[in-house]
Amino acid sequence: MMEILDTPVKAEQEQTRLLEAQVPSAFRSDLQISHQVFEGRAFVIIKDPLSLKYFRLPVEDYSLAALFDGRRSVVEIRCAFLEAYPHVALAQSDQSLNERIIQFAHELLVAGFLEATAVGAHKQLQLERSRQRPQTPWGMFMSALFLKIPLWDPDRLLTRLERPLRAIWTWRGFVISLVIFVAGLSVFVLNFPRIAPSLNDFLTLPNLALVWVLTIVVKVIHEFGHGLTCKHYGGEVHEMGAMVIVFSPFLYADVTDSYLFPRRRHRVLVAAAGIYVELVIAAIATLLWAVSQLGPGQQLLFNLMLITSVWTVLFNANPLMKFDGYYMLTDILGVPNLRSKAQLCVSDLCRRWIFGGEAKPQVERLLPRQNRGWFVLYSFAAQLYLLQITLGIAMIFHHLLKPYGLSWLGDAIGIGALISMLIVPVVSFFKQQLAQQRHQPSRWRRPLTVLAGGVVVLTVILFSPWQIKVERPAVMQSVEQDWVRAEVPGKIEEIRVRTGQTVQAGETLAVLSSPRLSSAVTVGKLEVERRRKYLDLTLGANAPAYYQQAKTSLAEAEIALVEAQRQDEKRILKAPRAGVVLTPDLDRLSSAAMRPGDALCEIADLTQLRVFIPLNERQARDIHAGQKVELRMRARPQETYLGEVVADLKTPPTTELPPNLVATLGGDIAAQPDAQGHLKPLEVIYGVTVLLHNPDGHLRPGMTGSARVYGDELPVWQVLWQRILDFVSLDYRL
């Protein structure tokens, strides 16, 4: 008897019949459901009370999942689903809808939403777990940079604490806290001149230890603010713990139960609770600091004020990192998983530009309906900001561990951040897209054209000229100046000039009174008169020797008188040169005693000034004499002054800095005093000199500002290569 073999058509029909006869497992009845609207679309938030995980499904998918009762087959589920959503039949065939139902059932089973009671369900779960790849060493290293360590379940404690604190969430509690915050902010603004000088003490090593302890205490209160607010509005908080982000510790409270809150305002309040608590603490600390006496208590309040205000605003309220500000923004916009959606928008934009075509329906459903450009900008900003923070922490580790020979650890963190945040996403995107293009050879023309165009554009950009611009602090110095000093001792009797007055050479500035010098002139005159009379008496005498002796004596007296008069004239202090009097508060010197060498005032020629601009070694390599300089001075911010570099940078490095530029005195250059008291920079500094004409005399020596020096023009590729070499430590380059 001949056996009839199945044809491919019969085999396919049999396979389809078997698939349609499958009975998916039942949808779990213990799942908690919350219906919400995002971007004008209805969604269902599902909470798994066993794993404490949360998922979001479109209401259409949830309706499909609700049909899984463990008794209906795929065909029966499809028919029931089409009765509720007949428009689906217009977009999908019966076979594609069957495949969608089977795939959806598999996803729900893996997620834990179905009861694993159907035939083959356990085997399917085991197969899915076996497909999970073990973590690579590189993945383990990157996971170490972002650790999450659960510590305890605070739900019962929060329940007991929330009851006596319910008044905080009333309008009365809000108004009281708002009054405290406004009062604290007002005191902070009014006392800012006192706060700014104290920032130097804030960064000292002993104080940083206190700051560390205070930060931990504040963050515990911060997280309790989140937990209590979530508890107040009906949520549950079953996890608190610690997070380690690039070896920096943080605390966290798992308040994802707020996803179930139907009112957006409640979700925003849960996300903002920690920031709000810290700002109220900052306001109270500011008020107490303003009325406290100097001592450890005031320093403690000062630290608390900075921790709960600056840290909160810069980090917790920043929506570019996944802290409180991020979750507030997602709830305000109504866009859960904002960052992943933004990254999906970037991927979709790149795919459309490079490979063309429309997104798959399952991908299009996940994309936001409008304002996708803003999502793209947010994704780039968040990624670059996180990369900057990670590289900054890596550099700190590099410098801290360098004395112990472990600087490579900081370098490894930086390299790992660059690879994981820039290179890995790009490589993954192209691998995925190229794998899809293999089955469509006709679509290779567009990506090759885009690639060729990108190479041309990149080449043009890399070989375009780039103007090196260096912005540095600057200080005005006089080119020619002289000090007016006393040559004889005396008391100031009269000051005839004032600060800012223009004087001519030889003009009288002040007069000293000196009874000794005045009496010496008077005595000299009397002595000359006496000896002249004596000379007259000896004239015609019989002894010529007496006449010669008297004549010699008179000459000596006249010489002594001339010397006394010359010394007496030194009481009059005159201008050694034409210029402007720079010394302030000359009136305070009235009646002051002066000794030889004591300075009265400084006179400088202000028609031309010298501008001192400090440059480090890397900046100085691109700056030469004759290059253009733009200057803006703090005293005259509305004007821009132009000049040229006149100093030759082959001169030895600067060994002493003007006090105006030193960080401890209000500048931004680190320096320390040497044995002679001179302020020496901590790094090699070359001083650039710029001559500036000052015909109106508005500029004064000592004024500070900002200078922009226009250096060499180099190709873009050379500038980038220099930046890379500057970033890489010399230890590796050697």
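Heads up, the Cβ atoms here are built off N, Cα and C, so glycines get one too.
Feature annotations, courtesy of TrEMBL:
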type     : residues : note
TRANSMEM : 171-190  : transmembrane segment
TRANSMEM : 202-221  : transmembrane segment
TRANSMEM : 241-261  : transmembrane segment
TRANSMEM : 268-291  : transmembrane segment
TRANSMEM : 297-317  : transmembrane segment
TRANSMEM : 375-400  : transmembrane segment
TRANSMEM : 406-427  : transmembrane segment
TRANSMEM : 448-468  : transmembrane segment
DOMAIN   : 484-583  : domain 'CzcB-like barrel-sandwich hybrid'
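Taken together, the residues of the domain 'CzcB-like barrel-sandwich hybrid' (484-583) have an average pLDDT of 83. Of the two recorded stretches, the transmembrane segment (268-291) does not lie close to the transmembrane segment (406-427), with fewer than three CB pairs under 8 Å once pairs fewer than 6 apart in sequence are set aside. Put simply, of 202-221, 241-261, 297-317, 448-468, the stretch with the most CB pairs closer than 8 A to the transmembrane segment (375-400) is 241-261. Listed as Cβ neighbours of the transmembrane segment (297-317) (distance under 8 Å, sequence separation of 6 or more from its ends, same chain) are residues 188, 195, 198, 201-202, 207, 210-211, 214-215, 218, 222, 274-275, 278-279, 281-282, 285-286, 288-289, 323-325, 328.
If you look at the transmembrane segment (241-261), the same-chain residues 6 or more away from its ends with a CB under 8 A from one of its CBs are 32, 34, 45, 47, 52, 54, 56, 144-152, 154, 216, 219-220, 222-224, 226-227, 229-230, 233-235, 267, 270-271, 336, 389-390, 393-394, 397, 413, 417.
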